[in-house]
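The structure under discussion appears below in the form of structure tokens.
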Amino acid sequence: MYGVNVAILGATGLVGQKILEILEERHFPVGNLTALATEGQGRTVRFRGEDIPVRSVDSMEWSSVDVAFFAASAEASRTYAPKAIAQGVTVIDKSSYFRMDPSVPLVVPEVNGYAARDARLIASPNCSTIQMVVALEPLRRQYGLKRVIVSTYQAVSGTGREAMETLTRESRDVLDDRTVTPSTYPTPIAFNVLPYCDKFGEQDYTGEEWKLTRETQKIFGEPLPVSATAVRVPVFVSHAESVYVETEQLFDVAAVRNLLASSPGLRVIDDPAGGEVPVPWEAADQDLVLVGRLRRDLFVENGLHLFVVADNLRKGAATNAIQIVESLLPRWA
Ligand SMILES: NC(=O)c1ccc[n+]([C@@H]2O[C@H](COP(=O)([O-])OP(=O)(O)OC[C@H]3O[C@@H](n4cnc5c(N)ncnc54)[C@H](OP(=O)(O)O)[C@@H]3O)[C@@H](O)[C@H]2O)c1
């Protein structure tokens, strides 16, 4: 068996830790593993029962690496990805930095895996985009899509490790009747709902909302109108999305259910009368995108409502990146 030399930038973060866990779980043929973060400070990460020392990315010599997962910040990707690529490394970037660069493929294997084939730098989309396009792709192929309106309910882990600590601390403060001092977000997130997930930008849409629009268009390769409202909710893991889609062709809801149930990466949970609906608790710790609450719009004949839930750290981040690399494994055979 051959070994692929892997580096993880951001190995101490939520996504980096999940990449380590899933590489092990999927028996990815890792040769040497290099764990990188801002600095080492005597830190280690656990992989295959061993403590791997964390190194500073500043002193990294990339030539011994085959593939690097970048799971740090957009700024870190801007600084270090060109250096790694120049040394022959294949980089899978989880940050937003290269996603809209026309020369960089933005890949979700269930939709456009072919786009990664000859690339040295491959961007993995935003977590909320990934789960939505996995659910929409079968509908796009079968019926064509006219427009999409999506409202998200996004977990705090989408903001990184610090946000999970914030939700825990704020929740304890509320329950213990102490004053809550917000930190990660401008207002408390515990027992609250924030109608934004990012900074406000053009036309009062947030960055996260523009990502849902622009990344979906790039992945589908068509100017599909996607209007988004991205909302942060006090959930630790798994993003939920209420998706409304208008199709080009007429559809039958039972046929849609069957189509989604037989499509890659999806699991249909759609028996509301029996209490079977997709929820974040069910989606956490698995790679499938859960879909349910399928129903025709009351007023628009080709309008369909769906509820889409997935683990943002797995399919929304680590698993998607690893699936991309798995499709490229012959490169290192
Ligand atoms: N969380 C999600 O659901 C999700 C989903 C899709 C994409 N992403 C993207 O994935 C990336 C990581 O997110 P996360 O949630 O894992 O964040 P996180 O928990 O805050 O972890 C960030 C990691 O990046 C490292 N890092 C930050 N800046 C760095 C720099 N300049 N040089 C070297 N290392 C640096 C940190 O190292 P230290 O320990 O030394 O600080 C840490 O290991 C982000 O770009 C994020 O947008 C996240």
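Here the Cβ of each residue, glycine as well, is placed from N, Cα and C on the backbone.
Per TrEMBL, NADP(+) is bound by THR12, GLY13, LEU14, VAL15, SER157, GLY158; the candidate from ASN312, ASN320 named for the same site is ASN312. The Cβ of VAL15 (NADP(+) binding site) has ALA71, LYS94, LEU313, ALA317, ALA318 as same-chain neighbours under 8 Å, each 6 or more residues away in sequence.
Taking the domain 'Semialdehyde dehydrogenase NAD-binding' (5-119) as a whole, pLDDT averages 97 in the prediction. Within the same chain, residues at least six positions away from CYS127 (active site, acyl-thioester intermediate) with a Cβ under 8 Å of its Cβ are GLN154, GLY158, HIS239, ALA310, ASN312, LEU313, GLY316, ALA317. Filtering ARG99, GLN154, ARG232, HIS239 by Cβ distance to ligand 1 (under 6 A) retains none of these recorded positions. Neighbour count (other Cβ atoms within 10 Å of the Cβ, all protein chains): 25 for GLY158 (NADP(+) binding site).
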